[in-house]
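Have a look at the structure below before the remarks.
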Amino acid sequence: MVESELTKLLKSYHSNIEVSLENIIDFHVDFEKIHPFSDGNGRVGRLVMFKECLKNNIMPFIIENEHKAFYYRGIREYDNTKGYLKDTILQSQDNFNEMVSYFFSK
C-alpha cells in the first residue's frame, strides 16, 4: 500500500511541467500523510523539499526549532487552510535568505 501511494505521488509530482513552491509543499504534505518510514519522515520530507527548491531555482529554507510548532500545525491543517503552512515556509525562506545574504555580503 505505501509503495503504491508513493508511486502515485511521484507520478503526480513529476507530471508538473514547471515546479512551483506550492507543488513542493503539496508533495511534502502528501508524503507526510503516507508516512513511509517508522521514523524520520519529517526529516526526510524536509530534506526533499530543500533539494527540490534548489533543483528548481526556488529559495530553499530550513524550518528552525522555534517554528516547528507552526510547521506541524500547518501540516495538520493543510487540507482546510493551506495558508498556515505556506506562511510558515515563506517566513523560513526569508530567514534563510537573510542568513545566506549575510555570508555573501562580506
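Count begins at 1; order follows the chain as displayed.
Cβ coordinates come from backbone N, Cα and C, glycine included.
Residues or ranges marked as domain 'Fido' by TrEMBL: 1-105. Annotation source TrEMBL lists active site at H35. Annotation source TrEMBL lists ATP binding site at D39, G40, N41, G42, R43, V44, G45, R46, Y71, Y72.
Across the fold, the C-alpha of N41 (ATP binding site) and the C-alpha of the residue listed as 'active site' stand 6 Å from each other. Cβ neighbour count for H35 (active site): 12 (other Cβ atoms within 10 Å of its Cβ, all protein chains included). The predicted model assigns the domain 'Fido' (1-105) a mean pLDDT of 96. Taking the Cα atom of each, Y71 (ATP binding site) and the residue listed as 'active site' are about 16 angstrom apart. For G45 (ATP binding site), other Cβ atoms within 10 Å of its Cβ number 21. DSSP assignment over the domain 'Fido' (1-105) gives 78 helix, 0 strand, 27 coil. H35 (active site) sits 10 Å from G45 (ATP binding site), taking the C-alpha atoms as the reference points. Residue environment of R43 (ATP binding site) contains 10 other Cβ atoms, counted within 10 Å of its Cβ in all protein chains.
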